[in-house]
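Here's the structure, in structure tokens; my notes come after.
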Amino acid sequence: MDEPACNGTSNEWQRPQLIVAGPRAARRRQMLASLDLNTLLALEALLEHRNVTQAARHLGLSQPSVSRALIRLRGVFNDDLLVRGSSGMVPTPHAQRLGQMLPPVLDSIRGMVDPGLDQGEWRLTARMAMPDHQAIVLLPPFLPLMRERAPNLDIVTDSLLALRRLEQGEIDLAVGQIGEAPPGYFRRRLYNDRFACLLRNGHPALEQESIIDTFSALRHAAIASDTKDGFGRVHDDLVKLDLQDPDPVLVSNVLTAGLAIVSTDLVLVVPRRVATRNAALLPLVIVDPPVELPPYEVALIWHERCHRDPDHRWLRQEIAAAATATEQGQSTDAASRQ
């Protein structure tokens, strides 16, 4: 029985090295050295058209150039590849095998040059940082678009908005209130919104001629994540105007707040799009706040590492289209109230 190979200074076993040599290996190296991308493209065109003149026209080359490429291909593969038949050139059996192997090779090379994919063939997961009160606004119009245009794309939303996670590639996009994009990031405005108040249907305050007379006396609800997202400052503004109690009832998210308001006399101040979504699901009434509040702007943020990626660019455009749909919906709602 043969002993394991070992060196002269150690008893450790070493894996024997397999050395590929001989005429066949040399022939393979010579064939690879003789092939280039232009030659493979010529082979593709010749197998498709089975006519040197038509293949040359397809490639934008002269007929003699394609004829020379065919001669070179015959030498590389040691096969005629295309022979004359009664109705034109006919591929040999070896050419037919090459015709089956060639498309995925060239498709891979083309993908290196143009990495954009057909979104209908996507099998990817897009991760977006999006607070829940933005998710209930954007996802209803966005998800049907994705189901139609990119049915295999998975969407995962995260409530945390963190620029560091964008930079490290943990998430792809972030949606929220960002005034200016920091260095290394890009920003696109999605929509502007104004604030509204949510009360339960039948709330005693709705019987008053002006809600401002009772607004400051009402018990308020607030979203616990407001201070992290940005519109918590509206709560502070109302407190300064003595229009909101300084210690509101904190709830974890917008839908929970809506359920709390339905069964109590609490009032919640949120962006109007959020209020509209909640009122569509629950017996709630939307009223204007007692004073004019600063507008609420929602933006899309991404890191520069993804800025030129064609798939990422496509996804950003689809999110912007969904945001535009919410603006059109707001216009329709406003017209119906007039």
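Glycine is treated like the rest: Cβ placed from N, Cα and C.
Bear in mind that the values here come from a model prediction, so they are computed numbers and not experimental data.
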- prompt: When Swiss-Prot marks a stretch as DNA-binding region, which of 52-72, 94-114, 157-177 is it?
  reply: 52-72
Statement: In the same chain, residues at least 6 away from the ends of the DNA-binding region (52-72) whose Cβ sits under 8 Å of its Cβ atoms read 34, 38-39, 41-43, 45-46, 81-82, 89
